[in-house]
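In what follows, a structure is listed as structure tokens, so that the remarks can point back to it.
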Amino acid sequence: MEDFVRQCFNPMIVELAEKAMKEYGEDPKIETNKFAAICTHLEVCFMYSDFHFIDERGESTIVESSDPNALLKHRFEIIEGRDRTMAWTVVNSICNTTGVEKPKFLPDLYDYKENRFIEIGVTRREVHTYYLEKANKIKSEKTHIHIFSFTGEEMATKADYTLDEESRARIKTRLYTIRQEMASRGLWDSFVNPKEAKRQLKKDLKSQELCAGLPTKVSHLISPALKTLEPMWMDSNRTAVLRASFLKCQKK
């Protein structure tokens, strides 16, 4: 799983995930499923905010290429991925500037158009179940919740999905691709079932102990890259941007 994560996610995302885990005393090399989950969540948060701006009239607009003459402001403030101290500093600054209620838990994003914090969820289970868990934890109607699943389902507070359909479809496609790539490597079942993953980890560690004294041979050959899926609703410009933003997965 660790190899998969490092091959299939942008190095910046991998680095942020490693820092987040180490901040809580967790090891990405051991808790590989959590490593994959954090990288996935980070990527969804970044994709959520991609291309979305507010123009000089205060209207939301989608811009795929930078125009130096345009007076644009990022629609979303990304809070997820920052260390806790900096994240709370950003949250406090937003609250002081906008007057919105300070959340009890760190949210993932702030939407300057709707003036609300957003909690993003990515689940391997039923979206309804995960949504209720998030809502019960946050216990605030001020924070907007948006849940995505690896099966293409989604659920949001009051069925308000914030983004346009194409932007959400882009996120769903990426999640589906991650699922398919995990499945092709035999990683999906253990990712969905953490208990099975722990059992496999113990088995692997035991095997490493038994083989510790044996000579090893490492292959440095690089396998062909797998082409990124290009769904029919993506035009060539958007696809080019995505190709530049995300690394291609490699087959084993």
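Even glycines carry a Cβ here, placed using N, Cα and C.
According to Swiss-Prot, the features are:
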ACT_SITE  Glu80  active site
ACT_SITE  Asp108  active site
SITE      Lys195  site 'Important for efficient shutoff activity and nuclear localization'
SITE      Lys198  site 'Important for efficient shutoff activity and nuclear localization'
SITE      Arg199  site 'Important for efficient shutoff activity and nuclear localization'
SITE      Lys202  site 'Important for efficient shutoff activity'
SITE      Lys203  site 'Important for efficient shutoff activity'
SITE      Lys206  site 'Important for efficient shutoff activity'
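The Cβ of Glu80 (active site) has 21 other Cβ atoms within 10 Å, all protein chains considered. For the pair Asp108 (active site) and Glu80 (active site), the C-alpha distance works out to 5 angstrom. Asp108 (active site) has a Cβ environment of 24 other Cβ atoms inside 10 Å.
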